[in-house]
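Trainee: Quick paste from Swiss-Prot:
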type    : residues       : note
BINDING : 56, 61, 79, 82 : Zn(2+) binding site
């Protein structure tokens, strides 16, 4: 069964491609019946219909006409999800198997409808710029923002807020002089207060009282009209003039700026696609939303502080930013957060602003780095027709046939609290609804959807369940579009059929998402114990072994890689937070919850490629035995691309052999991994950090931290020259598998 082919067509990867036929059987398979779905997955041959879809008339269903529907000669179609008989529209009469409309053709399991309903407003971009940063960093940010103006659609609306100790809302409609409104940075304003302050009277006949209209639209003007004015304002921005006392941090009003922006946008364009883009160079030091106090002697919170409840500002800040996130979701607006500093800015506290709205969370050391510049500009990538590859103001509906119910979703979405008949009482992730808000959606965004098998009766052979995913969104071209994917799965009670249908890669990614979801509520050690229990139970169910005989343990090819995926997940930065700041953890987890199966797997278990003079490049084990003196290694962790030169290669490079004509082959060897790394960098978002290092180099630690430590300073192979020695007390994959086998065959859980 080729799972990747199905993903290329429908953007879908099921953990179980055949589903257990009853609720009892589903409870025994351990890995949830779930799917990783990428609604806007790019596809060159995507069927596109320039008309509105036909919906099922059953008010409890409302699914869309699809290739699994049956058409009868009397002019009716039967819905595969609810079995309701619907009359075909008049212009569909005469449909035959040889003359099918586009949506009924077998290749239209995924189809996009361009509806007749026009979008009333173009996309809106609201820039929030932190002025509490050094001149070089600010200059680089301004330069990148000015470049980005040319990438926006000319009719896109744009607004600007700058902030330091005060919050400044810029009136871009004022041509002759630069005009702005100042708000206090230490005050939380209501939507009404902001609206009352910024609305201005419209001209009225003499003798009448002035009437207030919504003149707030003057803060959001078309890029083509204000590009010169906005460029001038950006070029003239300087560092926040407020003096910073010795031993203090700058007084930075991040919370107030976001509060003003969310309320102003909500008063002006509720329910229309809009993005607030925050560019922050440090933590908020003013309430509301204070992350750390102004005095440098107060350290910013660590993971340990949060775990021990010693982070005195943490809960209050989370509550404040979560309230803004709820407001953004209600208005269908998105927040993107870009950090450009070595310090933490409070991403952990602010993460739900992005997680609930589908926004970008980007961590970089400075706005001068290519990681920030290229990643930010890639956000404005366009399709072959020249439209932005971003959807706005979306909703995501999940429809199922009667055998399944929806347990929940894990990904960057929020519940719309629509509890239909196919919503399960057993929640996993964001549950209790069959409809989700996607304030922003792109070809990258992937969602884990989990199902509950509710059927209790045995079913006939070849029984099928049906699932339909419906994504409504505002396209950058100014149209409303509907992407529809309909799939069917066999329901089976045959264990061998289930085994053959298991996609271990999709299963590992689904379990990683469940693990991250649990990590938000439970203690880290409890989460690790839970993963281990699930792995033991899966192996007890599907491995071949004789009780109490470890050497008899065998896993079939469908399950063989799964334990090592879990091993690397346990060791990953997603769960082992010891060496990361809370902001880094929030960033890494955010990206894992965005990406599809293949990219998520690279994050969980990075890829390692070996290059040598006497052989072609080859994929090698992510293991310390793969480090050889005469080889170059290319490591891809998704967040880092690292080229590691073995000891001998590094010595030859230092000696300059590559510059001598007789060693042309050595020069080509040095170039080969660089070319492959460049190919990996082309489409990756966010842009990974590129590292070029060698044996003994300080940055070689990035490679060593990812390798399975099969040879450590205290292992019996310590004295051999069979690979590199890893200075760690971590358990190796071999020891992990040994423990797993022992527990499985003993019947322990």
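Residue numbering: from 1, along the chain as shown.
Note that Cβ sites are derived from N, Cα and C of the backbone, with glycine treated the same way.
So where do these features actually land, and what's packed around them?
Mentor: Long-range neighbours of residue 79 (Zn(2+) binding site) (same chain, six or more residues apart, CB within less than 8 Å of its CB): 56, 58, 61, 63, 69, 86.
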Trainee: Starting from the Zn(2+) site formed by 56, 61, 79, 82, give every other residue of that chain whose CB sits within 8 Å of the mean position of their CB atoms, in sequence order.
Mentor: 57, 58, 60, 62, 63, 81, 83, 84, 86, 399
Trainee: Should residue 56 (Zn(2+) binding site) be counted as helix, strand, or coil on the basis of DSSP?
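Mentor: Where residue 56 (Zn(2+) binding site) sits, the three-state DSSP reduction gives coil.
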Trainee: Name the residues of the same chain, 6+ apart in sequence, whose Cβ is under 8 Å from the Cβ of residue 82 (Zn(2+) binding site)?
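Mentor: The answer is 56, 58, 60, 61, 63, 401, 402.
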